[in-house]
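**Q** Mind looking over this structure? Questions follow.
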Amino acid sequence: MTTRQEILAWCDATLQTAAYKDYAPNGLQVEGKENVAKIATSVTASKAAVDFAAAEQADLLLVHHGMFWKSEPLTITGWKKARIEALLRHQINMAGYHLPLDGHAELGNNAQLAMRLGWITEARFGEQNLLNIGRPEKVQTLAQFADGIEAALARKPVVVGDLSKEIKKVAWCTGGAQGFFQEAIDAGADVYVTGEISEAQYHLANETGVAFVSAGHHATERYGVRALGDALAQHFGVAVCHFDENNPA
Ligand SMILES: [Zn+2]
């Protein structure tokens with residue numbers, strides 16, 4: 001039997017959760033049963049993910065985006081009540097790992113994305129070392145580079161830049177990290193890849209010549225929590241199942 005506490009302790013130690021300043025609690029967010037035989041993973045602790053975990057008879061729902069963000073109301077009403085009610089009814093533990101799961105050098109979203117796209121990480125930099133810089137396996141044009149992302153993530157990215165430009169240096173940060181574009185420009189990247197784009201990045205890309213690729217918040221963060229779930233399954237011998245939603249954002 002594996003206890004919830006053993007799993008949470010392993011996650012904390014592996015992901016070095018104490019080393020991050022975050023705007024959501026990392027670790028257990030909703031307490032369920034004490035022993036864990038099956039884990040369900042999901043990018044977000046959505047109602048659909050909770051329902052999946054219940055249908056799979058999972059004892060732990062492991063996510064990247066939990067439920068208690070700093071800027072949210074503190075009350076448990078509406079959609080939040082429905083999620084929590086379903087978790088409690090089925091005694092499913094829900095644990096979230098946010099920035100620690102972006103940053104981990106092997107299991108993290110940034111590392112897992114790079115692995116799928118064949119990017120070689122050379123350095124981590126910027127806010128809490130969440131930005132990565134490196135090189136693609138072979139030099140490509142921006143058009144080829146974007147096609148590779150589309151094929152790997154099964155989602156058409158938003159691309160701003162000269163499509164014939166050669167890409168030798170890639171900077172990236174998964175999720176909603178468009179605000180770090182300037183750091184990527186300063187670091188000498190030919191392109192910056194993240195999950196979302198805001199209005200300002202279009203102009204910055206045009207005016208600096210550094211290309212910007214918005215490849216999807218969900219699509220770029222699909223792989224970290226899966227890798228963590230698989231690592232737990234391997235380490236503790238528990239069962240694992242993965243939930244994915246067709247989230248276009
Ligand atoms: Zn995210």
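Just so you know, glycine gets a Cβ as well, placed from its N, Cα and C.
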**Q** For the divalent metal cation 1 site that TrEMBL describes with His65, His217, Glu221, which of these is also annotated: Asp12, Asp22, Asp102, Asp162?
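**A** Record check against TrEMBL: divalent metal cation 1 site with His65, His217, Glu221, extra candidate from Asp12, Asp22, Asp102, Asp162 is Asp102.
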**Q** Determine which residues of this chain, when His65, Asp102, His217, Glu221 are set aside, have a Cβ within 8 Å of the centroid of the divalent metal cation 1 site's Cβ atoms, and list them as they appear in the sequence.
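**A** Neighbours within 8 Å of the Cβ centroid, excluding His65, Asp102, His217, Glu221: Val43, His64, His98, Asn109, Thr174, Gly175, Gly176, Gly195, His218, Thr220, Gly224.
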**Q** Hey, does DSSP put Glu221 (divalent metal cation 1 binding site) in a helix, a strand, or just coil?
**A** coil
**Q** On a simple 10 Å Cβ count over all chains shown, which one of the binding-site residues His64, His217 is most densely packed?
**A** His64
